[in-house]
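*Asks:* Have a look at this one.
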Amino acid sequence: MSKGPAVGIDLGTTYSCVGVFQHGKVEIIANDQGNRTTPSYVAFTDTERLIGDAAKNQVAMNPTNTVFDAKRLIGRRFDDSVVQSDMKHWPFTVVNDAGRPKVQVEYKGETKSFYPEEISSMVLTKMKEIAEAYLGKTVTNAVVTVPAYFNDSQRQGTKDAGTIAGLNVLRIINEPTAAAIAYGLDKKVGAERNLLIFDLGGGTFDVSILTIENGIFEVKSTAGDTHLGGEDFDNRLVNHFIAEFKRKHKKDISENKRAVRRLRTACERAKRTLSSSTQASIEIDSLYEGIDFYTSITRARFEKLNADLFRGTLDPVEKALRDAKLDKSQIHDIVLVGGSTRIPKIQKLLQDFFNGKELNKSINPDEAVAYGAAVQAAILSGDKSENVQDLLLLDVTPLSLGIETAGGVMTVLIKRNTTIPTKQTQTFTTYSDNQPGVLIQVYEGERAMTKDNNLLGKFELTGIPPAPRGVPQIEVTFDIDANGILNVSAVDKSTGKENKITITNDKGRLSKEDIERMVQEAEKYKAEDEKQRDKVSSKNSLDSYAFNMKATVEDEKLPGKILDEDHQNILDKCNEIINWLDKNQTAEKEEFEHQQKELEKVCNPIITKLYQSAGGMPGGMPGGFPGGGAPPSGGASSGPTIEEVD
């Protein structure tokens with residue numbers, strides 16, 4: 001295949017989306033199911049690996065081996081409180097591998113474990129394939145988005161996932177920034193405008209304030225809640241209906257994973273319905289112990305169940321405004337992103353907060369981020385189209401970065417919301433006389449003391465010549481590149497001795513070797529998936545051939561046209577094959593093909609003989625001649641047209 005354009009991928013917590021900029025506009029690409037967003041789900045079964053809709057659709061049957069929310073694990077430590085609290089809610093198992101979380105599943109009868117980067121890479125591979133199927137070209141370059149909240153290791157983990165999926169990640173950009181780009185193309189303005197991006201998706205909530213002036217974006221502030229989204233609204237509905245089931249039927253379904261999963265699917269559907277209707281019905285046959293669950297819910301009740309969550313979305317809005325030092329009256333445009341912003345109550349709360357201001361809903365909220373990422377991909381790969389030419393992008397660091405100084409104080413070198421790329425240098429000294437070295441501990445966070453912030457990594461600068469405290473000069477430099485990835489170095493001015501940090505694995509980093517191994521494994525899994533598809537196709541081919549043959553010779557119009565002995569031979573062989581199929585569902589492709597050849601050896605001569613003697617098949621035989629080689633029709637006009645049926 002020829003080389004295709006760069007794409008933009010919104011790798012979401014619950015759903016992902018891919019877009020491409022071509023023919024002067026962005027096209028959001030639908031998957032093989034016709035959906036423009038694809039669930040970020042990967043499932044493992046005894047026979048195959050499923051990604052996307054196929055994985056999500058079978059989750060009720062296979063909850064422990066269906067993995068989602070990998071984005072919540074990426075770039076985190078196993079003992080991270082977020083990981084620990086999330087694990088309680090997941091039906092799949094997360095294990096500790098040298099301090100890093102891995103997802104453990106049963107796949108093809110074996111226990112396998114995968115890093116979150118590998119799971120995310122499978123979703124990215126799926127998005128890459130969706131784009132390739134649509135474009136008819138290979139896709140290698142991509143811009144991938146992350147929440148504004150993501151720290152350094154989460155960004156790096158996302159980049160690693162791209163590498164494992166065989167993508168060249170041109171840049172990692174913040175989701176709100178991507179939405180702003182999507183928006184910037186729609187509405188060109190000269191004067192400076194302040195934009196508030198309100199992004200409420202399936203799993204995360206981000207509020208960002210940006211300014212746009214003459215096509216130049218600047219992010220002023222970000223705030224949000226990494227744990228609020230559509231799934232939380234689904235959970236409230238699920239709990240409501242579990243309680244209702246208990247009241248009506250005196251039975252508790254909460255311990256039955258499959259029942260809860262089926263209920264959750266119905267709740268998600270009801271929630272979507274309630275964005276356009278004021279009432280939704282739920283009908284689940286045999287939900288628990290054979291009891292059918294038929295009920296309904298009104299929009300008002302749904303709003304009441306989620307009232308605190310809905311209202312709570314305004315707190316980060318206020319925080320973002322404070323950080324940007326803006327009053328709400330100074331916001332020119334409010335942009336809705338994420339499927340949950342379709343909820344009328346959320347739109348109303350936001351509109352009322354901004355004193356009745358109209359909200360911008362012109363961009364499909366599920367697609368806005370991928371849309372902007374696709375534009376950014378076009379810019380970075382040198383698209384000369386005037387639509388993208390005058391667009392420039394300034395991103396920011398989501399959290400302040402600094403080092404620990406005497407007494408555990410956080411000394412900030414780069415303040416949060418600093419435009420990146422950026423580089424800051426500050427000079428430090430020793431704390432005690434004749435101190436031989438300094439420990440540089442790098443933190444991110446907004447608290448005054450480092451113990452309340454997040455340690456990114458540490459390194460030592462040793463070999464400082466003996467000197468009284470306060471004399472040595474140690475220059476510390478923080479350098480952040482355009483992807484938000486941080487390098488920290490320290491130099492002793494007197495000796496020129498330098499050390500810099502490679503933020504190591506205890507930060508949730510994958511080593512080069514790990515990534516290379518995972519790239520190879522990803523290839524292997526892909527090959528296995530294809531082999532599985534071929535196998536199923538030969539199995540189905542044999543299956544339908546045997547059944548069609550059997551149907552042909554059992555046709556009541558046949559007696560007298562075929563020798564009893566031949567008739568019996570075909571029947572015996574067909575039954576033998578059908579029995580063999582029942583016992584060998586998981587045989588190899590070659591075995592299915594071999595069995596089909598054996599069956600054809602018996603059937604073809606007899607059927608050919610039948611045709612030649614009868615001058616064509618008797619009419620009314622279903623579906624024409626079912627088989628491998630189509631023999632000549634004996635020239636009789638009464639016979640059906642013969643076609644191959646696979």
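Each Cβ is built from the backbone N, Cα and C atoms, and glycine gets one as well.
Keep in mind the model is a prediction, meaning the values are calculated, not measured.
According to Swiss-Prot, the feature ADP binding site maps to Thr14, Tyr15, Gly202, Glu268, Lys271, Ser275, Gly339, an assignment based on similarity to another entry. Among the features that Swiss-Prot reports, compositional bias 'Gly residues' is placed at 616-632. Swiss-Prot lists 2-386 with the feature region 'Nucleotide-binding domain (NBD)', giving similarity to another entry as the kind of evidence. Residues annotated as region 'Substrate-binding domain (SBD)' in Swiss-Prot: 394-509. According to Swiss-Prot, the feature region 'Disordered' maps to 614-646.
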*Asks:* Looking only at Cβ atoms, how many others are within 10 Å of the one on Gly202 (ADP binding site)?
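*Replies:* Neighbour count, Cβ to Cβ under the 10 Å cut-off: 24.
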*Asks:* Do any residues at least six apart in sequence from Tyr15 (ADP binding site), in the same chain, have a Cβ closer than 8 Å to its Cβ, and if so which, in order?
*Replies:* Thr37, Thr38, Pro39, Ser40, Gly201, Gly202, Gly339, Asp366
*Asks:* So how many of the residues in the region 'Substrate-binding domain (SBD)' (394-509) end up helix, strand or coil by DSSP?
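*Replies:* In the region 'Substrate-binding domain (SBD)' (394-509), the DSSP-based counts are 6 helix, 56 strand, 54 coil.
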*Asks:* If the ADP binders are Thr14, Tyr15, Gly202, Glu268, Lys271, Ser275, Gly339 per the record, what's the largest distance between their Cα atoms, in Å?
*Replies:* 19
